[in-house]
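Before any comments, here is the structure.
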């Protein structure tokens with residue numbers, strides 16, 4: 001047998017083949033994401049869940065008699081699924097657009113993403129409840145069983161079929177969009193919806209059909225993937241992050257670009273599996289980082305004009321709720337004399353850690369208007385850093401915490417430097433994808449101990465004097481850390497730097513014209529936010545004496561978002577209120593498995609649709625109205 | 001190095017796809033002059049303006065400022081060199097107070113802007129200058145109001161105060177009279193006259209009465225190219241200009 005670079009050709013071609021198939025799936029998915037973003041300006045995070053829906057629907061059709069015994073339903077095979085499932089998933093897409101997505105078109109991009117994150121969590125959580133985390137098998141259809149023996153490798157017929165069919169779908173979609181009158185309307189509506197409306201086209205219906213079409217593509221991808229991968233509730237969540245990275249690399253500019261970058265990246269991923277298996281899960285994200293440095297607008301993206309940040313802060317400047325001079329002492333007294341005596345100190349510490357994490361997140365999301373979506377990377381990296389130096393090197397807690405914070409700050413500066421090149425939704429996609437690199441690193445590195453994480457972290461003796469093994473000592477240390485973080489943020493917001501941040505948030509173009517290099521200010525704010533998130537994560541590692549993959553997980557980033565949203569984006573106290581609510585919810589539903597995910601997803605949807613200002617923002621509104629009434633009366 | 005020309009463009013071109021919005025524009029703005037850029041709709045005035053202020057990158061051509069090539073510089077960099085622009089829609093910070101709007105500009109040269117650890121107090125030294133500037137534009141009694149509460153004309157005045165806070169050598173005004181009533185037009189005209197000494201102003205403006213009143217020199221653009229240049233009398237008598245403005249509002 002001939003070998004190439006010491007690699008068996010069967011292995012090489014086998015991985016290239018898998019890479020090609022994955023790449024075609026990436027292409028089909030990212031086309032959908034790009035079309036939906038182009039037309040609706042929605043970053044469709046639920047795309048992964050819709051792909052999972054397609055795979056499960058195919059599996060359910062095959063198992064109809066078992067799922068609904070007594071109804072005399074037939075078992076519908078792969079070919080039925082290939083026709084029915086995309087239509088069915090597209091129909092759920094149309095319904096989703098009608099009920100949910102349509103309501104956020106006129107809001108900031110951030111809300112579209114938050115809404116679809118919520119929908120994805122609800123769908124994935126429900127499937128987890130119904131089917132458990134374990135995967136279902138979906139057999140290769142009879143007609144496509146078997147394979148060709150090429151001598152150096154075995155080529156399964158099903159994979160040939162997938163390549164041919166997926167290519168046909170890609171080319172067909174490209175032709176419809178670039179070469180037909182319908183596609184011309186679609187492209188025109190992307191540029192100028194009002195003009196297209198003037199042509200007498202029903203734009204709302206067109207938007208609904210566009211969304212349904214993109215979602216239908218995800219459903220079709222799910223059916224085609226079902227015989228290759230395990231059909232499981234988690235299959236969507238990992239692919240959507242990769243798809244976002246593919247979209248950042250390709251740029252949203254063209255359908256052809258999405259196809260070429262999808263396929264290309266799939267093949268590169270396959271080749272990496274052969275030559276450097278450890279890197280295969282991160283190679284796409286690393287390429288994304290390189291593209292951002294060399295060609296920020298993406299390989300096929302067009303040069304876009306600078307886009308302003310978003311101002312979604314809901315605070316009123318003169319509100320009593322924004323006055324840290326009042327709240328810092330209040331929090332000190334409440335946290336010192338009341339909180340640990342009305343709830344378990346460990347529970348109170350969890351609230352404090354997560355509240356600090358949310359405060360850190362709110363600094364970039366609420367006060368700078370940057371939709372960051374990967375803060376778990378800083379929280380988790382600091383947890384791992386602090387845990388490692390405390391457990392393995394025996395560092396005292398204060399130094400362990402500093403080490404964790406330093407690690408988080410360094411990673412934050414690097415990620416911020418990369419992500420700051422793009423705005424709005426791209427910023428969310430990039431930070432999400434970069435955070436994924438840290439997850440994969442922690443899965444593979446030896447010092448992080450994979451699935452186990454770093455356990456039995458000693459709490460140690462603070463400054464060689466105070467034994468943190470004692471729960472109340474630990475509690476007061478955590479309270480002090482929290483209050484320092486809170487005071488730091490309050491001071492920052494009122495500092496000269498905070499003034500510039502405010503100016504950038506309110507009118508970035510004008511801030512530039514006054515001579516402020518706004519990117520540098522955003523980068524410093526992002527780095528400080530990462531530092532504070534690290535402070536929260538490192539403290540958490542000492543309290544719970546563990547650093548684990550959960551700290552780095554995308555759900556931890558989503559928690560930060562949810563706490564900020566529930567409490568009130570861009571308010572001083574909102575993240576604290578949000579943390580209390582979310583942590584309490586998590587505790588109450590801890591015994592009910594995936595219900596926690598469903599509830600959190602539903603909370604995203606509810607707050608985006610009905611209570612965008614959150615608890616504190618709504619309270620400030622009420623106070624403001626009351627003050628106005630008083631002023632008028634007096 | 002100082003020359004009599006503060007800003008100079010050579011062969012300035014901007015293409016959007018295949019369409020050249022600005023095509024080979026040579027512009028010379030003399031120091032301490034008020035130079036107006038006029039032309040019919042779609043002539044490329046705003047594009048030239050955005051190119052000069054660096055908010056757009058040119059496809060071809062060069063831009064020099066005080067003899068230095070700034071073609072590749074970022075907008076914030078040229079602002080720090082002393083070239084400050086305004087915007088068609090009034091450029092204020094709506095939820096900051098009137099005084100804070102001005103202070104944020106005064107703060108920039110202090111070097112405190114990255115000081116996230118310092119309190120607000122370090123900025124109180126700037127308050128006197130803030131009040132001076134607000135007085136000069138007639139906004140002092142509004143100083144503690146939120147900027148968004150101001151009338152449109154007063155927002156313009158606030159924008160002027162903010163720009164003047166940087167004491168710019170060159171002011172770029174993008175249609176300063178757009179959307180203003182007659183009374184406000186007079187007020188802003190007076191303001192421009194007041195700030196002119198020792199400054200250069202490049203202004204895009206539709207209101208030809210204002211241009212006739214204020215401008216030393218006028219460049220007429222049409223279809224992305226320079227159609228004519230001169231003082232108001234020579235421009236008004238130029239056949240090509242009259243033709244370009246047919247149905248327009250030259251009088």
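The backbone N, Cα and C atoms fix where each Cβ goes, and this holds for glycine too.
Taken from TrEMBL, the feature transmembrane segment applies to A:12-39 (among others).
What TrEMBL lists as transmembrane segment is A:51-72 (among others).
Tertiary proximity for the transmembrane segment (A:113-133) is limited to same-chain residues at least six positions away from its ends with a CB under 8 Å from its CB atoms, namely 42-50, 52-53, 56, 96, 100-101, 104, 232-234, 236-237, 240, 371, 373, 425, 428, 558, 561, 565, 593-598, 600-605, 608-609. According to TrEMBL, the feature transmembrane segment maps to A:113-133 (among others).
The feature transmembrane segment is assigned by TrEMBL to A:153-177 (among others).
The transmembrane segment annotation in TrEMBL covers A:207-229 (among others).
Feature annotation from TrEMBL assigns transmembrane segment to A:235-268 (among others).
Taking Cβ pairs closer than 8 Å, the transmembrane segment (A:275-294) reaches residues 5, 7, 242, 245-246, 248-249, 265, 268-269, 418-419, 421-422, 430, 433-434, 436-437, 440-441, 443-444 in its own chain, all 6 or more past its ends. Positions annotated as transmembrane segment by TrEMBL: A:275-294 (among others).
Residues or ranges marked as transmembrane segment in TrEMBL: A:326-347 (among others).
Look at TrEMBL and you will find A:354-379 (among others) tagged as transmembrane segment.
Positions annotated as transmembrane segment by TrEMBL: A:474-493 (among others).
Taken from TrEMBL, the feature transmembrane segment applies to A:523-548 (among others).
TrEMBL lists A:560-585 (among others) with the feature transmembrane segment.
Most Cβ pairs within less than 8 Å of the transmembrane segment (A:474-493), among stretches A:12-39, A:235-268, A:326-347, A:523-548, A:560-585, belong to A:326-347. Residues 21, 25, 28-29, 31-33, 35-36, 39-40, 42, 44, 47-48, 50-59, 78, 81-82, 85-94, 96-98, 101-102, 105, 135, 138-141, 158-159, 162, 165-166, 169, 173, 186, 189, 235 of the same chain lie 6+ residues outside the transmembrane segment (A:207-229) yet bring a C-beta within less than 8 angstroms of a C-beta in it. Remote same-chain partners of the transmembrane segment (A:51-72), defined as residues 6 or more beyond its termini with a Cβ less than 8 Å from a stretch Cβ, comprise 29, 78, 80-81, 84-86, 88-89, 92, 123-124, 127, 131, 136, 138, 218-223, 225-226, 229, 231-236, 239-240.
Counting Cβ pairs closer than 8 Å to the transmembrane segment (A:354-379), the top stretch among A:12-39, A:153-177, A:326-347, A:560-585 is A:560-585. Across A:12-39, A:235-268, A:326-347, A:523-548, A:560-585, the stretch most heavily in contact with the transmembrane segment (A:153-177), judged by Cβ pairs under 8 Å, is A:12-39. Among the recorded stretches A:12-39, A:235-268, A:326-347, A:523-548, the one sharing the largest number of Cβ pairs closer than 8 Å with the transmembrane segment (A:560-585) is A:326-347. Below 8 angstroms of C-beta separation, residues 16, 19-31, 33-35, 37-38, 43, 45, 47-53, 55, 120, 124, 135, 170, 173-174, 177-178, 225, 229, 283-285, 287-288, 291-292, 297-302, 422, 426, 429-430, 432-433, 436, 554 of the same chain, each at least six residues beyond the ends of the transmembrane segment (A:235-268), sit close to that stretch.
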